[in-house]
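**Q** My structure is below; once you've seen it, I'll send some questions.
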Amino acid sequence: MADEWQEAYEFAVEVARKAGMVIKQEIDKEMKVLTKSSTVDLVTKTDERVEKIIIGSLKTKFGEKAHKFIGEESTEKGCELTDAPTWIIDPVDGTTNFVHGFPFVAVSIAFAVKKELEFGVVYSCLEDKMYRARNGKGAFCNDEPISVSDVKDITKSIIISEHGTDRTPAKVEKIFSTMQKILCIPVHGLRGSGTAATNMCLVATGAVEAFFEIGIHCWDVAAGAVIVREAGGIVLDVSGGPFDLMSRRMLSANHEDIAKRIIKEIEVFEVPRDDGVKHLQQPSSF
Ligand code: LIP
């Protein structure tokens with residue numbers, strides 16, 4: 001049977017690379033910075049321009065109506081993931097980094113069919129690292145196979161957590177209290193690149209053992225979820241339940257031992273879902 005999504009997978013890599021070239025051209029130029037959900041949730045004309053290039057290329061290739069699109073900069077309010085073939089796009093993941101010239105900015109493109117993630121592409125464009133993965137076909141960085149770390153002892157791990165763009169004191173307190181508890185397990189270190197997609201690729205390459213965050217969006221993590229899983233890792237809800245792409249909560253890890261130990265320390269707080277549906281607690285898989 002013809003593999004109907006292989007062409008889309010290969011095309012997504014081409015489009016991600018083209019989008020990354022635009023980011024690289026623009027990062028050193030003067031730019032107008034606007035804000036979204038808070039004074040520190042930044043957006044630039046490049047975010048919007050790159051998303052238009054990506055979606056325009058995909059519509060030209062696959063038709064205006066055949067596929068659906070969920071893009072960070074074209075999603076006003078809640079977004080719904082349907083059974084239709086759907087592209088889930090973050091044109092500039094790490095916008096704050098982009099504005100400041102901090103060298104971690106990624107293009108993240110994922111593709112879902114019947115609500116199942118089929119493939120993901122993350123182009124860390126300033127590093128020129130093209131991460132990609134397709135269900136059942138492995139994960140790669142610049143066409144070299146990648147796999148998660150084999151460390152199971154959390155005291156020998158590096159963990160990534162991000163503080164996000166919400167500055168509500170009660171949430172910030174939970175975020176840093178969680179970080180403090182994890183740091184003092186102890187772990188070897190806490191890190192964060194400032195882009196969820198890149199953080200997940202760092203889990204997939206074994207550079208770190210886990211990355212978790214509450215407050216990310218579906219477009220930040222959809223592609224990285226496929227890449228982590230195909231690299232041999234796991235992607236869960238921060239409570240240990242099944243990963244829910246629209247929940248804005250995610251824990252990716254190399255192994256369940258690491259995931260279980262982190263889950264014990266996470267102080268969970270509520271955030272509105274991407275699809276606007278009330279968060280239903282799922283049973284933990286541990
Ligand atoms: C970013 C995420 C990151 C989060 C930042 C921001 P953006 O996405 O990738 O994990 O901590 O607050 O949301 O907004 O740069 O596309």
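Using N, Cα and C of the backbone, Cβ positions are placed for all residues, glycine too.
What TrEMBL lists as Mg(2+) 1 binding site is Glu72. Feature annotation from TrEMBL assigns Mg(2+) 2 binding site to Asp90, Asp93, Asp220.
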**Q** C-alpha of Asp90 (Mg(2+) 2 binding site) to C-alpha of Glu72 (Mg(2+) 1 binding site): distance in Å?
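**A** With the alpha carbons as reference points, the distance is 5 Å.
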**Q** Look at each of the binding-site residues, Glu72, Asp90, Asp220, and point out the one with the fewest other Cβ atoms around it within 10 Å.
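**A** Counting other Cβ atoms within 10 Å of each of the binding-site residues Glu72, Asp90, Asp220, the minimum falls on Glu72.
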**Q** When you average the Cβ positions of Asp90, Asp93, Asp220 for the Mg(2+) 2 site, which other residues in that chain have a Cβ within 8 Å of that mean position?
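**A** So the additional residues around the site are Glu72, Val92, Gly94, Ala106, Ser108, Thr195, Ala196, Ala197, Ile216, His217, Trp219, Val221.
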**Q** How many Å lie between the Cα of Asp220 (Mg(2+) 2 binding site) and the Cα of the residue listed as 'Mg(2+) 1 binding site'?
**A** 9
**Q** Quick one: pull the CA-CA distance for Asp93 (Mg(2+) 2 binding site) versus the residue listed as 'Mg(2+) 1 binding site', whole Å only.
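**A** About 9 Å separates the two Cα atoms.
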**Q** Quick check: in three-state DSSP terms, what is Asp220 (Mg(2+) 2 binding site)?
**A** helix
**Q** Within 10 angstroms of the C-beta of Asp93 (Mg(2+) 2 binding site), what count of other C-beta atoms is obtained when all protein chains are considered?
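**A** I get 32 for this one.
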